[in-house]
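*Asks:* Pasting the feature list from TrEMBL:
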| type | residues | note |
| --- | --- | --- |
| DOMAIN | 16-130 | domain 'MTTase N-terminal' |
| BINDING | 25, 61, 93 | [4Fe-4S] cluster 1 binding site |
| DOMAIN | 156-388 | domain 'Radical SAM core' |
| BINDING | 170, 174, 177 | [4Fe-4S] cluster 2 binding site |
| DOMAIN | 391-452 | domain 'TRAM' |
Ligand code: 5AD
Ligand code: SF4
């Protein structure tokens, strides 16, 4: 019997199953979902829970410490017992910034794809299936969004909460940050596309949409009548979608906090009373060295204006401790700002030098032990405020969007308007907006008593 003719390049087969692992920010979560939809459209199925996938996409984050090292250890962990590996694609911001290095150091990686190029994954998979390795970190002028399958295609359902990227990239060039280099310049997606995507998400089951962007409040576009609109206009229009119950947005920059957006917080009932507005530090010399183009005072004034129109607004921020040259006294200004604001929640980080950013080569890098101590003090302050915020809401009646079942029988988990995690026991279903009374506060969540179910 003649031996079968070997296929031309039998190196790798087209994968049948995929898994996308997203790290870092919510925009990566959104990108991960869009990649999953794209792969599903190609006939590649999501690998069942607990089973190995033929194709693994590591959707990476480059914002803070040891990002590349983490990717290499994740790649190492994908090795199977027989020594083989799935088809590995590294996507996201580490791919963009360190793709060449990854290709050099990690032969198991067959594809490196940047955040603006992932719509080309299907072509890349075909190339990889021929046994070639391929990198695509272009930042093409045309948008990837045009090339992606529409949301909800093929009857895909959405969870009760969904992300919608409206804006990407950053022109602000804070001196510590890699985003302007990895995600590119600020680009706003067209108004009509966003309204369409939001409606599709709602049709697919979403009750809450969080509008995403690195500088989401820098979004602008033209409405159906050709009028220029900003984020506030977009929010007002989205609020008209009948089955959409809640709108949120993140992340904002203080300089793009327009009067129109502030006013919307007082007027649009579906816009939730929560504002994530990073300040990074409370000292003006440090803010200047960070190239933040706002001062502690101008930041606090914005918060005053928002509170004037929406007194119950929950505030959230990002902080970096130990920026190069930050003295003890300058750090104390950050603690003072935290005290002045009374945040509902915060994210705080130790400064970590990112290659290629101006701060990485600044003099007076702060010693790790000093950063540790500052981070601990800052986190103690923000934890205290978060608990105080939660306690202050006890006794209030509010709506909760039910997101999933809890661990206890009959228990449900969801979010309050102020983005607090709330659990209660009673008759409800995922996607319901129910009315509860908040009864007990913990540092990270609250218990509630179910009062009524608002029909969805
Ligand atoms: N070091 C530490 N934190 C950083 N962030 C961004 N770049 C760095 C860095 N080099 C933080 C900022 C930003 C958040 C998303 O990550 O606080 O708002
Ligand atoms: Fe980074 Fe600053 Fe742009 Fe935010 S505003 S993405 S911190 S450069």
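Cβ atoms here come from the backbone N, Cα and C positions, even for glycine.
Keep in mind that TrEMBL annotations are predicted by a computer and have not been checked by a curator.
Help me picture where these features are in the structure shown.
*Replies:* Averaged across the domain 'MTTase N-terminal' (16-130), pLDDT in this predicted model comes to 92.
In the three-state DSSP scheme, residue 93 ([4Fe-4S] cluster 1 binding site) falls into the helix class. The number of other CB atoms found within 10 A of the CB of residue 93 ([4Fe-4S] cluster 1 binding site), across every protein chain shown, is 25.
Taking Cβ-Cβ distances under 8 Å and a sequence gap of 6 or more within the same chain, the neighbours of residue 177 ([4Fe-4S] cluster 2 binding site) are 63, 170, 354, 357.
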*Asks:* CB neighbours of residue 25 ([4Fe-4S] cluster 1 binding site) within 10 A?
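*Replies:* 18, counting other Cβ atoms within 10 Å of residue 25 ([4Fe-4S] cluster 1 binding site).
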*Asks:* Roughly how many Å lie between the Cα atoms of residue 174 ([4Fe-4S] cluster 2 binding site) and residue 93 ([4Fe-4S] cluster 1 binding site), rounded to a whole value?
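*Replies:* Residue 93 ([4Fe-4S] cluster 1 binding site) has its Cα 17 Å from the Cα of residue 174 ([4Fe-4S] cluster 2 binding site).
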*Asks:* Within the set 61, 93, 174, which binding-site residues show a CB-to-ligand 1 distance under 6 A?
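*Replies:* Correct list: empty, so none.
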*Asks:* Return the single residue from the binding-site residues list (61, 170, 174) that has the minimum number of other CB atoms within 10 Å.
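*Replies:* It is 61 that, of the binding-site residues 61, 170, 174, has the fewest other Cβ atoms within 10 Å.
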*Asks:* Anything from the binding-site residues 25, 61, 93, 170, 174, 177 with its Cβ under 6 A from ligand 2? List those in sequence order.
*Replies:* 170, 174, 177
